[in-house]
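Features as listed in TrEMBL:
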DOMAIN    208-348  domain 'Fimbrial-type adhesion'
SIGNAL    1-26  signal peptide
Amino acid sequence: MQNEKTMLKYLLITTLCIAGSAYSVASRAQIPTCYNDETGADYQRSFSFGTVLVPRDIPDGTVLATKILTLPYRCDANTTSPYGYSFYFMNNQRPTGIPGVSYVLTSLPAPESLGLRFTNLETGEVMMVYNGATQDWAPPHTTTKPIEGRYQIKVELIKASDRIYNAVIPNGTVGIWQIGAKNRARPTYGYKYQIYWNEAGKGKLIIMPKTCTVTTPDIKFPLPPVAASKLGTVGMTAGDTGFNIGLNCKSGSNVYVTLTDLTNQGNTGNQLTLTPDSSAQGVKLRILRNGQPVGYGPDSAAIGNTNQWYVGPSATLSNIPLTAQYIATGKVSSGTVKGVATFTMSYQ
């Protein structure tokens, strides 16, 4: 009988211990937190760019490729003050000196040739943190109700230096970035994604060849003298004179050109500013291609540069025919008219 009582005592104690343990787990599980909203999905995410074309002579900071990431989340109702959840982004990489761009750390050749930039597509804000620091991804949610949403992230591959022309894309896992949500009352509770760059052996950089040589790098041509009366109304033109940019090209790329106003390099209109030693008033110059005025842009070979225009495939080119003309911009007075423009070739 004594043994039965002892056994009962032990059984009762064991039952109480189990119940106590179950109660403890239940209490812990009730602390509000966040989750990945994709059933069975892992918290780690990787992205890749595949084959990346790199034009010659592009400036540092040029965007080479873009990837969009969409990462879902959901969070429990948080009724403990200060309520809701905060959202953050963490970057573990070093800054490049280009705003918002961090180096891709790799032991492969030319390790400081490539950078990445992360942008919140919902707000347009570029993430500006490095070396393991965090930045608010978005304003906190302060509601006491459950929430769900998606992180919309733009990842841009950036040229960080001219070392890129000797570089290769890293084909293993590179970098670590985090994005997540935290319980504002209990910051250790929440959910984070870890983001990696991983080409899985399929990524590569292709350096675009410089396929054309300019045979007329310094083009000087006079426009004929015209009477002021031929430019009597604003917008009237006169003195049309043709000229050519001479090229010697091989096949292999598409050729684009940007004209830059050397006197006013911020000019993005289609009227060329006169040089300070010009004495005529009320007149400017225009350059036309196929009868249409050409706009001016920055001296850059970057893809999509302002007022960059397509010339054609390099295999078919031997020259670029253009026309220059006077255009009246006000009351014209006699004098000299001089303008200087440069042209920048881009091979894409």
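Glycine is no exception: its Cβ is also placed from the backbone N, Cα and C atoms.
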Practice problem: Mind looking up the mean pLDDT for the domain 'Fimbrial-type adhesion' (208-348) in the predicted model? | Solution: 91
Self-check item: Composition by DSSP (helix, strand, coil) of residues within the domain 'Fimbrial-type adhesion' (208-348)
Solution: 7 helix, 66 strand, 68 coil
